[in-house]
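Trainee: Relevant sequence annotations retrieved from TrEMBL are reproduced here:
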type	residues	note
TRANSMEM	A:65-82	transmembrane segment
TRANSMEM	A:94-113	transmembrane segment
TRANSMEM	A:119-138	transmembrane segment
TRANSMEM	A:150-168	transmembrane segment
TRANSMEM	A:174-199	transmembrane segment
Amino acid sequence: MNIFRLTGDLSHLAAIIILLLKIWKTRSCAGISGKSQILFAIVFTTRYLDLLSSFISLYNTSMKVIYIGCAYATVYLIYMKFRATYDGNHDSFRVEFLVVPVGGLAVLINHDFSFLEILWTFSIYLESVAILPQLFMISKTGEAETITTHYLFCLGLYRALYIVNWIWRYYFEAFFDLIAIVAGVVQTILYCDFFYLYVTKVLKGKKLSLPA
Amino acid sequence: AFSEIEKDEL
């Protein structure tokens, strides 16, 4: 464990908690893409199946349980409890165009053709594009609530910090996982235009609104 | 193969 990975995990945890609290406190999931949240629930489920089979550390296990629990709680709030506030019309990204190619790629390019390894690879590839329905929804509505932009900033920052963690591990532990690195770089690149808007607008107290 | 290395990242 290094400081970059720890702050990355805490940034990821902050994002998940911010979103859950935003929906719970405002009793509304307006502006939130339910499809992205379903994809994140799939990402955690397929990646953390080893929860049952291997124990790495209390930190590792507890974070996985929290991530999975919050992900399903968020999906539940969006599609069940506060479904009346779910903006289905703007959450129209065709996720099958993500899941099918990612599934095919995971079968073709992986470290080991075993069930758990292919699921893990699928989870890594899926995570890199899971935010697209959310970013697509914001481009369609042309704006995002400020709390949602903080959620997205923390979420984007987490994988950016993981990239620094991989550089650190490469030099100090001679460890690197090309699949995770390439997917992580793609994932972080997808946030770049949002990061630009976040820094130039939200941090200056303005509302995030895209030129419609 | 790679999968022998413990996957310790979240």
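Cβ atoms are placed via backbone N, Cα and C, with glycine included.
Computed from a predicted structure; not experimentally measured.
Help me see these features in their spatial surroundings.
Mentor: With a cut-off of 8 Å between Cβ atoms, the residues of this chain six or more beyond the transmembrane segment (A:94-113) that come close are 35, 38-39, 42, 119, 121-122, 125-126, 129-130, 132-133, 177, 179.
Taking Cβ pairs closer than 8 Å, the transmembrane segment (A:150-168) reaches residues 2, 4-5, 7-9, 11-12, 14-15, 18-19, 22, 127, 131, 134, 144, 176-177, 180-181, 184-185, 187-188, 191, 194-195, 198, 202 in its own chain, all 6 or more past its ends.
Outside the transmembrane segment (A:174-199), and at least 6 residues removed from its termini, the chain residues within Cβ reach (under 8 Å) are 109-111, 121, 124-125, 127-129, 131-132, 135, 138, 149, 152-153, 155-156, 159-160, 162-163, 166, 208, 210.
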